[in-house]
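What TrEMBL records for this protein:
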TRANSMEM  B:12-36  transmembrane segment
TRANSMEM  B:61-81  transmembrane segment
TRANSMEM  B:93-112  transmembrane segment
TRANSMEM  B:118-139  transmembrane segment
TRANSMEM  B:151-173  transmembrane segment
TRANSMEM  B:193-213  transmembrane segment
TRANSMEM  B:244-269  transmembrane segment
TRANSMEM  B:312-331  transmembrane segment
Amino acid sequence: MSLLVAEGLGYSVAGRPLLQGVSFALEAGEVLAVLGPNGAGKTTLLRLLSGEARPSQGRVELLGRPLERYGALELALVRAVLTQRREVGFPFSAYEVAFLGRLPHLERRAEGPLDHAQTEQALAHTQALPFAPRPYPSLSGGEQSRVDLARVLAQEPRLLFLDEPTNHLDPRHQVEVMALCRRLAEGGLGVVVVLHDLNLAGLFADRLLLLHQGRMVALGRPAEVLRPERLEAVYGLPFALAQHPSGRPWVMPLAQAEPSAVPGL
Amino acid sequence: MTGLYRPLRYHRALLALALVLPVALLLAAGMGAYYIPPLEIPRILWEKADQAYAVLVSIRFPRVVLAAAVGALLALSGAALQGLFRNPLADPGLIGVTSGAGLGAAIFIVLVPGAGALQVFALPLMAFVGGLLTTLLVWRLASSGGRVQVLTLLLAGIALNAAAGALIGLLISRATDEQLRSLTFWTLGGYGGATWPTLLAMAPTGLVAVWGLMRLARPLNALVLGEREAFYLGVNLEPFKRRAVAFSALAVGTAVAVAGGVGFIGLVAPHLFRLLAGPDHRYLLPGATLLGASLSVLADLVARTAVAPAELPVGVVTSLLGAPFFIWLLLRHKREVAR
């Protein structure tokens, strides 16, 4: 049984389709990266898969059961979602924010030392322990990202949705977050991650799903999806293909710094 | 465990507040026109045979208990609504219940002539019903397709507050001087009408509201991250919002019905607790409740004794102390936003 199945998924707002005909299955232990230009429907897809929005067409099955038959709490015990939003209304400490990930587990029992051990372990995983006692609003964007990632790990999901988790991170932490995704998948989690960086996706994901104008234009292994002619059609920019030392594809946009059109500059 | 989690500060604050409240109650029960040394109170209660005993049991205790109950209800609903609106400057009046209760009271005072004996129970009832109906209207205005947008809720509350204010103005324009005086004093708030029957009458709705709001601590914590994130953490958003507004309206409606418009406690008490200990709603809700009760009891003590033998409306005292605090908060908030 697949962890997550999407069939003919579509979503329209006021008759305007934002997403059409997306189908795929995700197995436990797999990292799937969702790629595409701005406005291609990546975040919409994540909202449908995570149960936040109901699809206009098609269906989603989580662990063999239709998504709409899950309650909010049941969903929270299976899947966790890292959004792009970083906004905490009150001066909670970073630790308290990460501990919020334990909430779904504490609905029917009191908290125990194990919950705090889980939280600390999650903070250690994302290298956020050193600033855990500080107020969350006082942290840098990258530090906040790592605390939020620790929060979704503390939730102990079987399925993880990450919306651009590498935003605000320096190259080293970008790689570390993606390597963490890999390790989590090897531990049996399913990971769906929305990324803008084609090469990070190509290096760390098992499969890539490429969206363009709300439609799925490719789904497959990195070497099958990251083709220069396809990327040019989607991004409107010529691409060159090289090879990463690992043997994975490595693409780069062939943009030129154009000479200034303004005379004298 | 490396002990990163430090609930000690919260526990200490709760313990301190739990000790402050009985002290405030004893102090307020002792002081007044007829002075009873607070430390003598246990002995007087034990011996039961004094004039002091009669003063305590029939006048002072109902009054300080009412003050504590009203302060607790206002502070608790303030803490819950600040969490719901994700805004530290939110006030229980935002969901329309206070102005609706004012309108209910105004209708009764101006349009029901010579109510006299009826007034003791009918006026609170009218205020209570007016408050709840207004909140229901605010809720209806803000909901569409089974969902309620918190921002729309806020705006609908502001709109209905203005509408209720206008209607009260209309009623005032045809009120007699005496009616105007009793309406004004009602609006300023006070615990002068405290009797044991009043307390008994407010107990059911007040206790239900406290029970309902205290259970919202965890979803309120999740909401700190935003509505989407709260849903991802397993919070069933619409029932949660409905409960938060309904129990807050019940709490504020009960408080306003028996005490009129006592301002600023609902805004200030949650803030003080956050400064004292932190923002975790599991501690904030009980903490603000205890703090609100103590503040209200002490404000009433000032109201009774500052210009004795006359008495100030307690709303005047809370506003005199609360307004500067609120301005200080605004300035602090402005600085934080600008940073």
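Every residue gets a Cβ built from N, Cα and C, even glycine.
Note on the transmembrane segment (B:118-139): residues 95-105, 107-109, 112, 148, 153, 156-157, 160, 164, 186, 193, 198, 201-202, 205, 242, 245-246, 249-250, 252-254, 256-258, 260 of its chain, located 6 or more positions outside it, place their CB under 8 angstroms from a CB of the stretch.
Remote same-chain residues near the transmembrane segment (B:244-269) are listed as 66, 69-71, 73-81, 83-84, 89-93, 95, 97-98, 101-102, 105, 124-125, 127-128, 131-132, 135, 139, 153, 185-191, 193, 198, 201-202, 205-206, 208-210, 212-213, 216, 220, 288, 291-292, 295-296, 299, 313-315, 318-319, 321-323, 325-326 (criterion: CB distance under 8 Å, separation of at least six residues from the stretch ends). Put simply, of B:12-36, B:93-112, B:193-213, the stretch with the most CB pairs closer than 8 A to the transmembrane segment (B:151-173) is B:93-112. Residues 81, 85, 118-119, 122-123, 126-135, 137-139, 153-154, 156-158, 160-161, 164-165, 167-168, 171-172, 174-175, 179, 182-183, 186-187, 245, 248-249, 252-253, 256-257, 260-261, 266 of the same chain, all 6+ positions outside the transmembrane segment (B:93-112), place their C-beta atoms under 8 angstroms from a C-beta of that stretch.
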